Amino acid sequence: MALSSSLDYLVRRKLTQTRTLTLQVTYVDRALFVFDETNPLRAKCLEIVNSKGTFCFDNIILIFIALNSILTAMADYENVDDDGNPEPNGSARNTIIYVSEFIFLVVYTGEFLIKIIAFGFAWGNDNVYLKDPWNVLDFITVIASYLALDPTLPNLSAIRTFRAFRPLRSVNRFPGLKRLVTALLDSLVGLVDVVLLLLFLLLIYSILGMQLFQGLQHARCRVVPHPVIVPSDCTDVTNECWGQYLDMLTTVNATTSDYNYNHPAYICLTKDDGVTPEDNFDLDWTKDSSPWNVGGLDCVWPEDADDERVCSLPNNNLNGDYTCPSQRWCGSNYDDQGNRRFKEVDYPYGFNRMNSGTYVAGLNFGITNFDNIFSALLSCFQAVTMEGWTDIMYQIQDGVNGPIGSIFFVSLIVIGSFVMLSLVLAVVEEQVASPLVPVKTEEQIQKEKEDATVRRNRRTASMAEMAVLKKRLSTAKIHTSPKGKREELAEVAEVAESAESADAEGEDGEKPPTLGTKRSMSKLQIAAKIVALNETTTKSTRLSIVTAETLADEPALRMWVITIIGSDLFANFMNLVILVNTIVLAMDKYPVDEDEEATLDVVNMVLTFIFIIEFAMMIYGLGPKGYCADRFNIFDGFIVLVSILELLIGLFDKPKGGGGGGGVSREEVVYQKCGDFLDRLPEDYVEDSYKQKIQRLGGLSVPLNIFLFQEIQRLQKVIALVRFQMTQLQLAIRGEVVMTEALQDALDSISDGAAPKRWIFTIAGDEFSWILGAIGMWFTSLQDRDRQNRKWLNEDRPNSYCLTYFFNPNGFLTAMKQEVTRRHKGENWALDDVVYRCEVTTTERFESVRAPPPEGVYVHGLSLEGGAWSRGDVCLIESTPKVLYVQLPVLHVSALTKTEESKRQREYFKPNGAFHCPVYKYKSRTDRFFIFKVPLKPGGSRPPSHWTLRGTGLLCNKE
């Protein structure tokens, strides 16, 4: 309302200030190639359209337009057809509107015919019907109305939407309103620059917001202090069991006298994983060393459903305004390094589990954040619309910092909303306030031609005089008196100014104001005039501050640098570099992709060096004083100096490594690693001790006890070799023993982060331990194997076995099959007639297995390659794009006779049969590493051969 009132006032003011124009309207000789000016029908049509008075032609049409608009607005949309259009049957209002449509169509058609007979249709002078854009709108509306009457045309509802243009026809009937709308349309060209400025502003604020707030809007108050596992028997938060599960977690266990959420059975990461529940915010982790960097665990961190505010994360140097209340803990689904904590699956929330912290109405369902450039642009755009911007600001204030959030969004609102609105009004006001061009008489046109000839002659004479003076100045000797040179410079500048004034003289004979005489001009102004005469220096406005006197005695190198930085090619190149730099900054996202981040760092380093080179060239070419004369140069220089400081800090802040420069040597690094490995190396197995413990488990007459005995013997050999070689390597580094070839190979391997070859293979090339190249993964596997064996040895058989941690998984399954066969000795089972019976359970995590099966064993740790597993349908499905491996749920392996197993498979896997999925010890699918086959149910109507062609298989080790 305020904008319309302001523009209307400008129009009325301009109409008052502008003198009355004399317009002479001319018409085409023949309208529609038939009706000339003497035709009675055309004469009558002209009389009708040019009629004046209260009930003139224009006013009558305006009344019909108003009635049409009112009736259209009264449509009853409670009674519509299949396309959503008002249905006349059953509604009196819609019936009236339906009948009136034909009356209005007849009236608009009559108006159209009268005008094209009076003015002509499309050919002729500027007064024909279609030369007026408002008449074009009327014409389209009429044609669309007739097309809507044709029942054979599809999508009539789209054609009927043109009826909404009918109220716009009233604009053409009010001269003031028409002039106002025309001014608004004409100002659209000027508003393009304002829109580009706004987009640039949004981009800058989006990049700044990503640097300040990225990833911090995921923090929510949680009902437990750390992530917990998802129960296998309750995978839907809408079920009553989920509430019971949360209640159980937050109650005190009578046995342990501690909350159940601290029980190892429910903790997602336990001390066995190298982390305690209190370490969820350990800032000493890196992205790689974080225990969450495993691709997501089957866990969840339940949020407080009654609290949708963003909280301030602890141990993150944040000063957010909101802290979670008592018995509530602030946490995020991402760790501090941006690793995803959980699997990206839909259960138990019904949507992506990683979005559980933000997919609430109070946080706009996670749409407005600063995790990537697109969501950041959307957030800033919503802010400048002043619709819901306070909600986003409150999120930043609560979770990040109150003052920073206020400054960021208030400044964005002031600049992006109020300043931009002022610029829009300025552009529209300029268009509305532009003077109307009067119709000129023949005498005025002739006088303007004569004045233009006089001005052209004056300009030619002035330019000729200026050329002579310039040549005299360039060939004359340098005056010893500065005053004399100043007078010559002033003379040339005065002539140049005279020529410019003659060239810029207005049509009405008025001259623009000049810069002054040669006595009032400063030395800088005079020199600027001289520089403006040189074509090579006018290519860049940045060089206008370099005076002619300073350039006269400069060396050729500086002149060469000035020529380069003043060229269009250099300016375009730097603009391209700035554009690339902006794109690189906008490509930042959360969570961070390591490979992409490394690539962007390299590109950013190259761009930084380019900016440094440009800065050095500008300083040398323009000089410090000349460079600082432009405020934009000062800003550019500040940015470059900050970038240089950031590079220096990054160089000095890097951790010391081997290779020289006063850092820690390679041998010292390996020595420290050996000490760390020795501290973490499991204790030696004492044969007498573990024999006694096996005896308590039933003795060596039990097949699985024999297998355990063999596994411990092999693991002890590995532990002894690692301990011996680590100790000898430390002694060799200290110089106490000779550095043998084997020790040197171990030193090289550990330095490169690889497991020594002697730890993996024997001298003959046989497998000594397990094939894992990275020393960190190899050593972790050693600890995991030792942990499983000691738990089995000291306590009892595990509820579920990790098949990956066995040297001989085939021997483990054979021992299990022997035990099952012995149980059925009374049924005359023979070992040769018994085969494996496998069944995939619905238990995702082995920790959820509370007891071993009545017969057989539970195994876990198998990764499915070439497919995925449907937990609901318990069958094979197509793998998710970009997901190579899927963890198979806990597998129940037992034994059954061949006849009974064949019968069971025919009944269970009908009609397509089972896909016998091979299980391998490593990714290398050879007979050497083959273990056994697991029958799996194919999903849908795909036959088992489909999965064979897909190369679907189960792997114990996917590295």
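In case you wondered, yes, glycine gets a Cβ from its N, Cα and C as well.
Curation plays no part in TrEMBL annotations; they are all automatic predictions.
According to TrEMBL:
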DOMAIN    55-430  domain 'Ion transport'
DOMAIN    569-649  domain 'Ion transport'
DOMAIN    656-956  domain 'Dynein heavy chain C-terminal'
REGION    476-517  region 'Disordered'
TRANSMEM  102-124  transmembrane segment
TRANSMEM  180-208  transmembrane segment
TRANSMEM  407-428  transmembrane segment
TRANSMEM  569-587  transmembrane segment
TRANSMEM  602-622  transmembrane segment
TRANSMEM  634-652  transmembrane segment
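Outside the transmembrane segment (569-587), and at least 6 residues removed from its termini, the chain residues within Cβ reach (under 8 Å) are 203, 206-207, 210, 373, 539-540, 596, 600, 603-604, 607, 610-611, 614. Secondary structure of the domain 'Ion transport' (569-649), assigned with DSSP and counted as helix (H, G, I), strand (E, B) and coil, comes to 72 helix, 1 strand, 8 coil. Listed by sequence, the residues of this chain that lie at least six past the ends of the transmembrane segment (180-208) yet keep a Cβ under 8 A from its Cβ atoms are 4, 7-8, 11, 171, 370, 373, 376-377, 379-381, 384, 408, 412, 415-416, 420, 423-424, 427-428, 430-432, 582, 585-586, 588.
Packing against the transmembrane segment (602-622) from elsewhere in the chain are residues 542-543, 545-546, 558, 561-562, 564-565, 574, 577, 580-581, 584, 629, 633, 636-637, 639-640, 643-644, 647: each is 6 or more residues past its ends and has a CB under 8 Å from a CB in it. On the 0 to 100 pLDDT scale, the model's mean across the domain 'Ion transport' (569-649) is 81.
Same-chain residues lying 6+ beyond the ends of the transmembrane segment (634-652) with a Cβ under 8 Å from its Cβ atoms: 605, 608, 611-612, 614-615, 619, 627-628. A Cβ distance under 8 Å defines the sequence-distant neighbours of the transmembrane segment (407-428), meaning residues of its chain 6+ beyond its ends; these are 3, 6-7, 183-184, 187, 190-191, 194, 197-198, 201-202, 205, 208-209, 212, 380, 383-386, 389-390, 392-393, 396.
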